[in-house]
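Novice: The FAD binding site annotation in Swiss-Prot covers 3-17 and rests on sequence analysis.
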Amino acid sequence: MRVLVLGSGVIGTTSAYYLARAGFQVTVVDRQPAAAMETSFANAGQVSPGYASPWAAPGVPLKAIKWLLQRHAPLAIKATADIDQYLWMAQMLRNCTASRYTVNKERMVRLSEYSRDCLDELRLETGIAYEGRSLGTTQLFRTQAQLDNAAKDIAVLEQSGVPYELLDRDGIARVEPALAGVTGILSGALRLPNDQTGDCQLFTTRLAEMAVELGVEFRYGQNIERLDHAGDRINGVWIDGKLETADRYVLALGSYSPQLLKPLGIKAPVYPLKGYSLTVPITNPAMAPTSTILDETYKVAITRFDNRIRVGGMAEIAGFDLSLNPRRRETLEMIVGDLYPQGGDLTQASFWTGLRPTTPDGTPIVGATPFRNLFLNTGHGTLGWTMACGSGRLLADLIARKTPRISAEGLDISRYGNTQENAQHVNPAPAHQ
C-alpha cells in the first residue's frame, strides 16, 4: 500500500519512518531542499513530556494583557488582517478554564510520555545519535507565586504517574552547578528527571537517512499545490502541476496544513505561533547548563548540546511573518546572560525564527479525517520534537488498523465538532508555496 506524506519536518519524517517499518511504501514530498529545514531546524531542543502544557491556561488572559506592556514579555501579538488569527485567539480563550486545562494537559502528557518511550526504543534499536542527553529538565521559579501555582501541574503529573522533584536553592545548585552563583534570584524549581534533550534537526536528518534504507523516497524542492478530492476520498495531490496518487495521504505540513484542508471543507484550527532561538557556542563547559532549564518568568528554554547552548522561546501571534525581530534577540541574550553569564559567547550566536503550528487547546491533531484515506499529523505547537516519535508511531498504527499502545481519545480532528463544511462550495486554492 502506497502512502504519500506531505512534509519532511520531524513530524513528517517520523511518520514516514514508522509507516515504512509497518510495511507501507512511503514517499515524502517537501518544498525545502532537505529534511527539517523549517520549524524543526533550530527549536529549543527539549524532549519534555512532563512539561507538556497548553498555552491556554487559567490566568493567561490577564497575564497576556500585562505581557503586552513589557519589553521582555513571553507573548506578543501583531495585529493582521487575517480573520483566522482572531478566530483562533477566541478559541484559545475558551480553553483558558481550569476544567479545559486539565483535559488538554492530560492528552498532551499522555502522547508526550508515549513519544519519549518510543524515542528511547528507537535509540536502543538503531543507535541514532543527535547530541542527546537524558538528564532531566528543571523549571526555574523566580517568585513564590510561580512556585505555588505549579500545584495544578503537579496534580496532573501525579495523576499521570510522572516522577518529579521540588528543589530549593541548594537543590538547584546540585542538579545545575553553573547556577550556584545566581540562586539568590530564584525561589525554587520543579525537576522532571525523565526528560531529555537533543538536536531535533540532527535527529530528523539522520532518521530520514534511516528511512531511506527502509525504502522511503524523499522528494525535495517540490511545491505542494492542493489536494484533489471526490466524495469522501482524496484522488491525489497536485505537485508542481502534476497529480500524484497514492492509497493513503498524510498531511504533516505544520502551520500550512489548514491551507490545504480548507478547499476540502475541513476547518483545522492550526495557527502559527512564531518562536525564536539563539544557538551559542560554549566557551566554559563548567559554567554552561547540564541539561535543559525552563525559565517560568520568560517562558524560555536553555538547553545544552555537546558544544552549544540553545536558547529558545517567545511566542508571537503574527501570522506567517518570518522576519527576525532584534528585540526578541535582546530578550534571549538577557535571559541566558542572567543565568549563565560565563557559559558561552553571545557575540558568535546565531539567531533563528520559526513558525510553531499550534491548536487553541494545545493538543496536536493526529489521526483520521472525514476523508477515508486522508490522515493528519499536525498542530504540535512547541512540542513537535517531544511528541514526534509517539505521533508517528500512533499514526502508523491507525493507518495499519492496529490497536495503538496508548489511547487516541481526543487526539483527532473530531474533537472540534463539526469541522467539515460542504467542500463543493469551497474554491480550491494553491497552498504551501
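Using the three backbone atoms N, Cα and C, a Cβ is placed for every residue, glycine included.
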Novice: At 10 angstroms around each C-beta, which of the binding-site residues V3, V5, I11 has the fewest other C-beta atoms nearby?
Specialist: V3
Novice: Per DSSP, to which secondary structure element type does V3 (FAD binding site) belong, with helix, strand and coil as the options?
Specialist: strand
Novice: Just name the most isolated of the binding-site residues T13, S15, going by other Cβ atoms within 10 Å of its Cβ.
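Specialist: Minimum Cβ neighbour count within 10 Å, taken over the binding-site residues T13, S15, occurs at T13.
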